[in-house]
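Below is one structure, written out as structure tokens; the observations come after it.
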Amino acid sequence: MLDTILINVFRRDGDDDDDDGQDPALQELYSSWALFILLVLLIGALLTSYYVQSKKIRAIHETVISVFVGMVVGLIIRVSPGLIIQNMVSFHSTYFFNVLLPPIILNSGYELHQSNFFRNIGTILTFAFAGTFISAVTLGVLVYIFSFLNFENLSMTFVEALSMGATLSATDPVTVLAIFNSYKVDQKLYTIIFGESILNDAVAIVMFETLQQFQGKTLHFFTLFSGIGIFIITFFISLLIGVSIGLITALLLKYSYLRRYPSIESCIILLMAYTSYFFSNGCHMSGVVSLLFCGITLKHYAFFNMSYKAKLSTKYVFRVLAQLSENFIFIYLGMSLFTQVDLVYKPIFILITTVAVTASRYMNVFPLSNLLNKFHRQRNGNLIDHIPYSYQMMLFWAGLRGAVGVALAAGFEGENAQTLRATTLVVVVLTLIIFGGTTARMLEILHIETGVAADVDSDTEIGMLPWQQSPEFDLENSAMELSDASAEPVVVDQQFTTEHFDEGNIAPTLSKKVSSTFEQYQRAAGAFNQFFHSSRDDQAQWLTRFDEEVIKPVLLERDNLKNGTKK
């Protein structure tokens, strides 16, 4: 029935495609139908997710189903008369980068299990930086060799080939990680794949944007060093922007009484995070890097200055927005295979690129894993940080490509642009279906341990703070709820609420905080001497102590400090 409705709607004024944008009423009609189609598909994807999870079906993930459903609907739209709705539901990189990607990146940083992440930080950074570079160069060289042979009349420059390599080096293992969650796979493997993926996207984006600056220019030996310099500067300035805005948010929550107004507090936290993304993009830096580290900083510091309601709201709002975006993206990708009519498909090039993507992932994972294992054996002689072969194989299998690559491909220009975009889209969908659809089976084949309990359940990390467990806190919450429901202020006659929220005490309290903060800064100034005189094995422990004893006292409320140093 839906098919009949769609065909009838598309047939209406099907000959008026050239008038697209000239009739506002007709444009609004088609926009409504396009959004309706996408929302129905999104609801269907979420209901599928509910069914799969409730029935504990692990053989296939709902994201793969979402891609197939998107492909079917995209095919229906393609064969129907008219192009207006077809153009509206096609993949647009602007929508992706400005609307769909930020919630996913923010939630990734905010939900990051920091103790596991930093415990495996060396391995994660190795795969994210060196691994992405190896993948991009390997893929770029293989693609360039193919174009040099001039099959299918495809001729590419070396910069175009490397840009293609950077585009298809962005991994997106959402499907794999979701299956890992359902199987409760070992946290070490989960953390390495998760950490690599979130940093890998940022590295791939910065690498692609760096290469685009050399498009059409003559390459020299020093171009390599120039490109590396631009990459490093862009990455670390973006990181600094994200961390700075996260720290500013933590201080804002500490020195204000926003916790009295949880709805305003939650809105400000969300907007501050998005500010880091768009400010960084506006400065020609990487918004993905900024937003990722802003989310990590918010969770590490600002989280403990939030009210209990703000903790709940930010956690689940970020998670809901990310899940909606992820499902929407998979549907979007499936539809785009048929709705983007200007793409140029070259079957042999697509096949060669798919093989090259697999080869580049192999050249990334296995040599680096062996190098890391050798380093860990020589350094400490134990097997705690050892990456077994089964984990290496799973890392290789988890390297499926995602929507970031498709969005980056929109930046291609020149006569090969449509071919490169089409190839990227097909390779992404193929890897999602092949690797994502067989992940559960690979876990069984590799005999990877499952049913492992997580160190910390993410839903239990929002614990009541000591002062929130008191009867006064319940009275305060009741007072605020009554205040929200009526215009009359409600005053609670309790010493706790008077000390914390009496406006007459704000100035003295702030002066005490500022004085205490100045003393903490003085302590921090001399603490770095210990770091540079400590051994390499003690530096990680020193950084942890420095964070808990110096940085957190500056950024966290004294009442929240004990809770904030538990992680």
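Cβ coordinates come from backbone N, Cα and C, glycine included.
These numbers come from a predicted model, not from an experiment.
So that you can see what the record holds, here are the features copied from Swiss-Prot:
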TOPO_DOM  1-31  topological domain 'Lumenal'
TRANSMEM  32-52  transmembrane segment
TOPO_DOM  53-64  topological domain 'Cytoplasmic'
TRANSMEM  65-85  transmembrane segment
TRANSMEM  88-108  transmembrane segment
TOPO_DOM  109-128  topological domain 'Cytoplasmic'
TRANSMEM  129-149  transmembrane segment
TOPO_DOM  150-159  topological domain 'Lumenal'
TRANSMEM  160-180  transmembrane segment
TOPO_DOM  181-188  topological domain 'Cytoplasmic'
TRANSMEM  189-209  transmembrane segment
TOPO_DOM  210-227  topological domain 'Lumenal'
TRANSMEM  228-248  transmembrane segment
TOPO_DOM  249-277  topological domain 'Cytoplasmic'
TRANSMEM  278-298  transmembrane segment
TOPO_DOM  299-315  topological domain 'Lumenal'
TRANSMEM  316-338  transmembrane segment
TOPO_DOM  339-347  topological domain 'Cytoplasmic'
TRANSMEM  348-366  transmembrane segment
TOPO_DOM  367-392  topological domain 'Lumenal'
TRANSMEM  393-413  transmembrane segment
TOPO_DOM  414-424  topological domain 'Cytoplasmic'
TRANSMEM  425-445  transmembrane segment
TOPO_DOM  446-567  topological domain 'Lumenal'
MOD_RES   S515  phosphoserine
>> Across the topological domain 'Cytoplasmic' (339-347), what does the mean pLDDT come to, as a whole number?
In response: 85
> Residues of the same chain, at least six outside the topological domain 'Lumenal' (367-392), with any C-beta under 8 angstroms of its C-beta?
Replying inline: 120, 122-123, 126-127, 130-131, 134, 188-189, 192, 446-448, 537
> Looking at the stretches 65-85, 228-248, 348-366, 393-413, which one shares the most CB pairs under 8 Å with the transmembrane segment (129-149)?
Replying inline: 348-366
> For the transmembrane segment (393-413), which recorded stretch in the set 32-52, 65-85, 88-108, 278-298, 348-366 gives the largest number of Cβ pairs separated by under 8 Å?
Replying inline: 88-108
> Against which stretches of its own chain does the topological domain 'Lumenal' (150-159) lie, if we need a Cβ under 8 Å and a gap of at least six residues from its ends?
Replying inline: 140, 143-144, 211, 214-217, 219, 346, 348-349, 416, 419
